[in-house]
Amino acid sequence: MSGGVDSSVAALLLRDAGYDATGVTMKLFDNEVAGAGGACVVGESTCCSQSDVEDARQVAFGLGLEHFTFNFTGTFGCEVIDRFCDAYLHGRTPNPCIDCNRYLKFAALQRRRAQLGFDYVATGHYARRAFNERTGRFELRRGLDEAKDQSYVLYHLTQDDLAHMLFPLGELTKPQVRELAEKHSFGNAHKAESQDICFVPDGDYASFIARYMGFGEDAARGDGKERAVPAAFEPGDIVDVGGKVLGRHTGLVHYTIGQRKGIGVAAPEPLYVVGKDAGKNVLVVGPRSELGVREVRAGDVNLISVAELDKPMRVTAKTHYRQRAQAAEAVMEGDQLVVRFDEAVARPAAGQSLVLYDGDAVVGGGTIEVGE
């Protein structure tokens, strides 16, 4: 229970369905890690703050459920924040919310579930779970509410995860969820949804990484050791797709693929970031026409609806949470997932997720390595 309306209504539905449910909230980071003031006082669009814990506890008690807070700060630091920093320092654009789902909300909570003798982990995600009798596999399917569907961020779920998962909101829309919360007088019925990365509430990723890694002012690690500034923070050349130097960038950590604003190069037509060469510390820019790609490759692949993908399969695929899935063909080549789109899609950033669908079912996905 995050303290938000979705997990609160999920708990309500489980109780009313006769489950012996217990509310759990995860403590993921210390306030000082989130920067000056901490996430709990920065704004209402973050999650996992102390006020969120209190909201979750209040709802649980109102439903007659036990409530526990699990301290996962160490795991969150290693599996989410460290990965986030490492990705940016190597020229990638990570999705820490997917890592949080993968390593905390599912892996860590599933281990704790088994230790405590519970049968399922249930969350407030808008997604559905089903068992396919023909294939003998559990499937992850899109939530009924197309606007709120969260199956994209759950592509990493394994068969064992799904065997012990429940998604009570899968058949509901967001307005229906808020209506249920109002009906039961939940104090968070109209609570704003979290929008920011919880441990970077001000959106300044570069400053957070500098503090957290220990080479900025008021470094979170605070051990007094002087650390060299990573190459990702060093200025370098901005070049066009032909290699011509157009100017200087302020550090690759400040840029992502598709970015237009803040490049700092005057040109007859708008320029976009189309590539980052971390090895050479070079930022590649080009016109909008250079952003289109037909082929995307991904690693760290997880398959759900199928056991293998050794033959080309017709799918729809998306490289961004808000993107509409596009028609494509997918196949595994070695340990890489290769997707060839019928029509060009916007060039994705390395580090983002490529997710495949067969109708409403998630075929699988992986971490994007390159788009061509």
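Glycine too: its Cβ is placed from the backbone N, Cα and C atoms.
Annotations in TrEMBL come from automatic prediction, not curation.
Per TrEMBL, these features apply:
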- Met26, Gly124: ATP binding site (BINDING)
- Cys100: active site, nucleophile (ACT_SITE)
- Cys198: active site, cysteine persulfide intermediate (ACT_SITE)
- 233-286: domain 'tRNA-specific 2-thiouridylase MnmA-like central' (DOMAIN)
- 294-368: domain 'tRNA-specific 2-thiouridylase MnmA-like C-terminal' (DOMAIN)
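Summarising model confidence by region, the domain 'tRNA-specific 2-thiouridylase MnmA-like C-terminal' (294-368) averages a pLDDT of 97. Less than 8 angstroms from the CB of Gly124 (ATP binding site) sit Ser2, Gly4, Asp6, Ser7, Ser8, Val9, Ala10, Pro168, Leu169, each of them six or more residues away in the same chain. Cα to Cα, Cys100 (active site, nucleophile) and Cys198 (active site, cysteine persulfide intermediate) are separated by 11 Å. In three-state terms derived from DSSP, Met26 (ATP binding site) belongs to an extended strand segment.
According to DSSP, the residue listed as 'active site, cysteine persulfide intermediate' is assigned to coil rather than to any helix or strand.
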